[in-house]
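**Q** Just dropping this structure here.
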Amino acid sequence: MITYTKPLSKLIGHFEKFPGIGPRTAQRLALFILKQPESTIRDFSKALLEAHNNVGRCKKCFNLTSEDECEICRNTERNQKLICVVSETKDLLALERAREFKGVYHVIGGLISPMDSVGPELLEIRSLVERVSKSEIDEIILALTPSVEGDTTSLYIGKLLSPFTKVTRIAYGLPMGSELEYVDEVTLARALEGRTKLN
């Protein structure tokens, strides 16, 4: 077993808490940080604190923003009557990379998962229903991960929203359990084009 000096071990431990970062990558990142000049480390620390203190949730769609409303919600060129429902901001970013979707989003903040004690009340589903019921919405597109949790959440939302508007779900050319953020832009664009009606 490798023994690190205490400050280095602590730094590696922090990096290991990041999603998708294993011990080797954490070690590589920590060693890279130690090679940087103090000014770079100060700038990095400042950027971390600034992002942590100033980035919150859009009051309308719950995307990340430093304003009351995110850039997408404020953009008058986007179709405000077309809402794409995603689990996390990372999924929104994946769809934006595909450059196919011209509407707005609603980030629910996870998926219904009874095994993990995540019920609909812990997600931004009630706010979505309120948003749809108070506006003239042409279509809701559900772009949730193709998994048991994603299917459960889609069916639950579809049932709640179908009295108000058309609800569709994007088509998938990927295996069950795949994360949207790892899907290439062409596949995502085709998935949006080939969406099917849920209600």
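Here the Cβ of each residue, glycine as well, is placed from N, Cα and C on the backbone.
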**Q** For the zinc finger entry in Swiss-Prot, name the matching range from 58-73, 122-137, 154-169.
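**A** From Swiss-Prot, the annotated zinc finger range turns out to be 58-73.
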**Q** On the 0 to 100 pLDDT scale, where does the domain 'Toprim' (81-175) sit on average?
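**A** Here the mean pLDDT over the domain 'Toprim' (81-175) amounts to 93.
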